[in-house]
Amino acid sequence: MSITKEFDTITAISTPLGEGAIGIVRLSGTDALAIAQSVFKGKNLEQVASHTINYGHIIDPNTGTIVDEVMVSVMLAPKTFTRENVVEINTHGGIAVTNEILQLLIRQGARMAEPGEFTKRAFLNGRVDLTQAEAVMDIIRAKTDKAMTIAVKQLDGSLSQLINDTRQEILNTLAQVEVNIDYPEYDDVEEMTTALLREKTQEFQSLLENLLRTAKRGKILREGLSTAIIGRPNVGKSSLLNNLLREDKAIVTDIAGTTRDVIEEYVNIKGVPLKLVDTAGIRETDDLVEQIGVERSKKALQEADLVLLVLNASEKLTDQDRALLNLSQDSNRIILLNKTDLEQKIELEQLPADLISISVLTNQNINLIEDRINQLFFDNAGLVEQDATYLSNARHISLIEKAVQSLEAVNDGLALGMPVDLLQVDLTRTWEILGEITGDAAPDELITQLFSQFCLGK
């Protein structure tokens, strides 16, 4: 996908294919109105007011056959998402009818849009910057209301504003350095001394480091916590999964080794998306299929952000329990003592004190798991502060880290007594790195790659 501006008219189906109440076929470009009018029987779309919805029928211009009864939205540039003329044909939902209309539009001169091309045009035409474009996809992919809140704030420009303001301050500092170098005789320009440059770079660094501190929380809310439920066979792992999901996804029996594979499901725990991985019970076994499940369980444990270790309170600790306690001790771990509704036989003195006693059967203390997750990952500070700007995108986080490193290089140079003009390079690099976040200084290949990840019609 080229990032040069293209002014042809593109089209795509913007709703998921399949049965539904409505389907939407979108057009964007200079000829959007003319192409839509060529297949529309109703008002003249080239003469209606902007941002109106118009009733009519889509017809095949070659045969005069009615394809569907539709409502057509007309939105004129520049007050559209792409800042081009946009037409949206609202059809009855269904694969056949939306595809038929799409093919008609292509035959009339529209081009099939590439993935993300509508949003790409919004970016190229200055409607959104790169962070806002990425926020569109984050909204689509958001698994919880908290993740959506962060994405909507980013789409609204909160991160863009912070980055742009910082870039402007850095640019002002660079300009002051340049004036001091090129016109040292100017008395009305403040001298960029070593002390003043140190003060400014430390200010920039502090701002970016504060932003980085939001990354852990933001990334969790955007991508979720990979959560492995581990334990020896028949301690209640699958029952816990079903309890958290509030539906029966895993097979629950009294037969050890019933779960032969890894089961993955997403669940919303107080705004945090947890990718729950119900693993096969980890034990020594001669069953080849179960052995494969056990190996996958160990791999899931190693890769997990959070480990829920389930023990059976109604039985004494086994060697398998002790092995799992050792195996998971370096993880973000919550130990769950299940089956506390039965007579307790487990040796509590051999276990860490911060375990949670639960009964999956009676739902006892399941809510405490949610509280412990908040304590482990959010320091009990709550999930989303209303006015805060969060980093949640791995690309943004990586670039902010690089920008901080460049500022550290400036401060290191100042400490070594390097001349101010020699430190311009690192300060300029900081300015360029921040520009990659918003797209002002992003390479063409990056922009192409980012938009290729979008869905068709967006």
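Cβ coordinates come from backbone N, Cα and C, glycine included.
Swiss-Prot lists R26, E88, R127, K458 with the feature (6S)-5-formyl-5,6,7,8-tetrahydrofolate binding site, giving sequence analysis as the kind of evidence. Mapped onto three states, the DSSP output places E88 ((6S)-5-formyl-5,6,7,8-tetrahydrofolate binding site) in strand. For E88 ((6S)-5-formyl-5,6,7,8-tetrahydrofolate binding site), other Cβ atoms within 10 Å of its Cβ number 19.
Mean pLDDT for the domain 'TrmE-type G' (224-378) in this predicted model: 77. Residues or ranges marked as domain 'TrmE-type G' by Swiss-Prot: 224-378.
Look at Swiss-Prot and you will find 234-239, 253-259, 278-281 tagged as GTP binding site, backed by sequence analysis. Under the DSSP three-state reduction, N234 (GTP binding site) is assigned to coil, being neither helix nor strand. When other Cβ atoms within 10 Å of the Cβ of N234 (GTP binding site) are tallied across all protein chains shown, the result is 20.
Marked as K(+) binding site by Swiss-Prot: N234, T253, I255, T258.
Sequence annotations record features per position, and here Swiss-Prot assigns Mg(2+) binding site to S238, T259 based on sequence analysis. Cβ-based neighbour count (10 Å, all protein chains) for S238 (Mg(2+) binding site) stands at 24.
Highest local Cβ density among the binding-site residues R26, R127, K237, K458 belongs to K237, counted as other Cβ atoms within 10 Å over all protein chains shown. Separation of the C-alpha atoms of K237 (GTP binding site) and K458 ((6S)-5-formyl-5,6,7,8-tetrahydrofolate binding site): 40 Å, rounded to the nearest whole number. The (6S)-5-formyl-5,6,7,8-tetrahydrofolate-binding residues named in the record, R26, E88, R127, K458, extend over a maximum Cα to Cα distance of 19 Å. According to DSSP, R127 ((6S)-5-formyl-5,6,7,8-tetrahydrofolate binding site) is assigned to coil rather than to any helix or strand. Between the alpha carbons (Cα) of N234 (GTP binding site) and E88 ((6S)-5-formyl-5,6,7,8-tetrahydrofolate binding site) lies a span of roughly 55 Å.
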